[in-house]
Amino acid sequence: MDSAVSDPHNGSAEAGTPANGTTRPPSTPEGIALAYGSLLLMALLPIFFGALRSVRCARGKSSSDMPETITSRDAARFPIIASCTLLGLYLFFKIFSQEYINLLLSMYFFVLGILALSHTISPFMNKFFPANFPNRQYQLLFTQGSGENKEEIINYEFDTKDLVCLGLSSVVGVWYLLRKHWIANNLFGLAFSLNGVELLHLNNVSTGCILLGGLFIYDIFWVFGTNVMVTVAKSFEAPIKLVFPQDLLEKGLEADNFAMLGLGDIVIPGIFIALLLRFDISLKKNTHTYFYTSFAAYIFGLGLTIFIMHIFKHAQPALLYLVPACIGFPVLVALAKGEVAEMFSYEESNPKDPAAETESKEESTEASASKRLEKKEK
C-alpha cells in the first residue's frame, strides 16, 4: 500500500537532477502551490462523497453494493499483510524486469479501474438518461453446491445504464493503458478511493483506532526506516496514487514533474471519517459534529504533512500526522460533549455475516416480546 506524500523528482535536495543526468528546472512557487492544493482537493472529494455514499450503502439491500466490514482482528492483521505485500513488490522490482511487472499490473488495474470508475459515475450518470430510456435489469449469479448447502459466490445486479457507464469507463481505461496519462491515472485513483471509503466499513471506533494505530507505525517504519515505500511508489506504474504536475503552468498537460499522494492516505482515514458520519446519524441529533470535526482534522493533518515535506525536502509518512489528528480531534469533542462512552460503544454488524443477522433477529424478537409484556402489565 502506497502511503506517503512525496515528490518523486524533488523529494530530496539532490532530486533536481533526473536519472538521465540532465538538469531539471526548479519548480516555481506557484506551480508547487497549485500541485499540492490540487492534491489536497482531490483527496477531500472521495472522502466526502464516499462517506455520504457509505450511509446509503449501509442502509441498502442491493447485493451488488454490500459493504465489507472490517473487524478488530482484520485491523490488527492489516499492517502485517500490507508490509509483506510492500516488501514483496520491492523484491519483485529488484529481481525481475520492471517492464514486465508493470505490464501485468497495468492489465490488472485496467480491469479494476474500469469497474471502479463505472460504479463511481453510475449515480451521477442516471440524471442524464431520458425517462423513456429502455433500462433492463440483469443479475450475474454464481453459486456453489445445491439445496440447503448452496452458497453464493458472486451475486451482482446491474442494468442497461450500468453497461453504458461501463462503456464510458472503458474509454478512460484504454486511454490509461495506452498513454499512462496522469489525468487518466487520477480518474482511476479517485474511483478506487471513493469505492474504498464507500464499501469498506469499520465495525466500531475501537477497530478504527487499531487500524489507524497499526498503519501509523507501518507508515513511519517504511518511509523513515527504509527506502522501500518510496522506491515502490516510483517504480509502480499503477493508479495507486494521485499525482499532479508542479510544472503544469510551464508545460501544460505534457508536464512531467509530479508531486504525489498515496491512496492509502485517503482511504484509511476516509473509512474512519465515514464511520464517524454513520455514528453521527445514529445519535439522531440532526448534527454531523464528529464527521465535520474529523474532516477538518484530515485537512489539518494533510496540510501539515505537505508543509513539513516542503520544509525538509523529504517524503513524509502522511499517517504520522493524519492519525493523531483524525483520532484526537473527534475524541476531544466527545470528551467535551460527554459522549465518549456512546462513541466507543457504537457497533456496526456485517450484513454478510449470518451470525450477525441471527443475533439481530433475536434482538428484535426479544424487543417485541418485552413490549408485549409491558402492555400486559399495563
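Glycine is treated like the rest: Cβ placed from N, Cα and C.
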Recorded membrane side (Swiss-Prot) equal for Ser27 and Asn203: no
Paired segments the transmembrane segment (101-121) and the transmembrane segment (182-202) in contact, 3+ CB pairs under 8 A: yes
Touch test for the transmembrane segment (257-277) and the transmembrane segment (315-335), at least 3 Cβ pairs under 8 Å: yes
Cβ neighbour count within 10 Å of Asp265 (active site): 31
Interface-richest range of 78-98, 158-178, 210-230 toward the transmembrane segment (315-335), CB pairs under 8 Å: 210-230
Rounded Cα separation (Å) that holds between Asp219 (active site) and Asp265 (active site): 10
Protein Cβ atoms within 10 Å of Asp219 (active site), excluding its own: 29
Recorded stretches the transmembrane segment (78-98) and the transmembrane segment (210-230) touching, at least 3 CB pairs under 8 Å: yes
